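Going by TrEMBL, these are the annotated features:
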- 29-49: transmembrane segment (TRANSMEM)
- 69-87: transmembrane segment (TRANSMEM)
- 94-111: transmembrane segment (TRANSMEM)
- 117-137: transmembrane segment (TRANSMEM)
- 158-178: transmembrane segment (TRANSMEM)
- 190-209: transmembrane segment (TRANSMEM)
- 246-262: transmembrane segment (TRANSMEM)
- 282-303: transmembrane segment (TRANSMEM)
- 310-330: transmembrane segment (TRANSMEM)
- 359-380: transmembrane segment (TRANSMEM)
- 423-444: transmembrane segment (TRANSMEM)
């Protein structure tokens, strides 16, 4: 039996008893599954709402301004979220974060009857705070709870459960608006349905255990520090801005939400009628489930060397990205902001071959999103194993990601040509790949070595010791 080091006392701590069942309540599998269900209900439904284009409204102005406020506060609280998670623990952090999703969906229910943007924008800003807390907690749980040599598998499992929320959420507007082929805004029942799911997810978040209580099959826990302090977290968060590993991740972080505005508003929201947008989202988020499983398998099983797996995974996503954005550019030549289809010419799922091409393109955008973000999460997860460290890394990633999202929504609000937005997305994702490869080569250690290069058993999780501050 091994031992762990308490950072404050320097004394060894005994292992927890091995977790003999992967289905125990305190096992990584069950806990990652639970955070997947929480995200199924909250951000999964938010994704379905956003994916309709304009939040289901004919005028995109309100949702663009709300999303600008959302991603601005998200950028701040995404970075702070890791520290808040380390101080409050998962239950309080997640409960506070999830509750803001209900308010956001409710603001659109209000907007259906009173065309006042103020409530929607304020709800968006509050959701940005909540989302920063939720995603920092989610990242720490998803990347620190699993064994380090199966992180890709657990990431893909989470991503599949989470995106099932988008699939189910896409069915809500499709079914409730099925007979409204020319309707502009979704009905009240759609927003109420979203709110019910979000409320369920909020209370389900109370079932998530603190990382110190989660025990892997070898008896190791995810962290030995039960709660941090404000001063420690502020110092460690500030250090992230000078951390070369995080700086190499900035383009990928910025790009990973930047493309949503273009895909949701200017592909799904412009080309298809209301009911078909909902159906498209069923397949967009369904494609994410396929993409995450595919890239997770490559990242965990393709080669014995973890560096080799990371390198191959990035190359695969890079090649698919080039092909998919190239297909998007070819389609973009068929329409522009000055020449969009009117409501009569909008595509319906019954239009056969006219519908098929744009539908496949939108499906591929979903596939690429999951593969790109799962790949980035895998790289982050390979940099450390301790929950405290990974919560900060995830917070930094989500903060930069959200800053990019805030800019993207305003780019669209200022009527930037569609083709310019597409090219910007393509360039940003392309720049990310060589920088991620450099990060894998320079910072990722193979499964049988820890960060100092000391050989450890390959089936032993290297997170059994707490990272010292100077390793961040």
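Backbone N, Cα and C atoms are what each Cβ position is placed from, and that goes for glycine too.
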Comparing 117-137, 158-178, 190-209, 282-303, 359-380 for Cβ pairs under 8 Å with the transmembrane segment (310-330), the winner is 359-380
Ranked by Cβ pairs within a distance under 8 Å of the transmembrane segment (423-444), the first of 69-87, 117-137, 158-178, 190-209, 359-380 is 359-380
With the transmembrane segment (117-137) as the reference, find which of 69-87, 158-178, 190-209, 246-262, 359-380 contributes the most Cβ pairs under 8 Å.
-> 69-87
Out of 158-178, 190-209, 246-262, which stretch touches the transmembrane segment (282-303) the most, going by CB pairs under 8 Å?
-> 158-178
Please figure out which one of 94-111, 190-209, 359-380 racks up the most CB pairs under 8 Å against the transmembrane segment (246-262).
-> 359-380
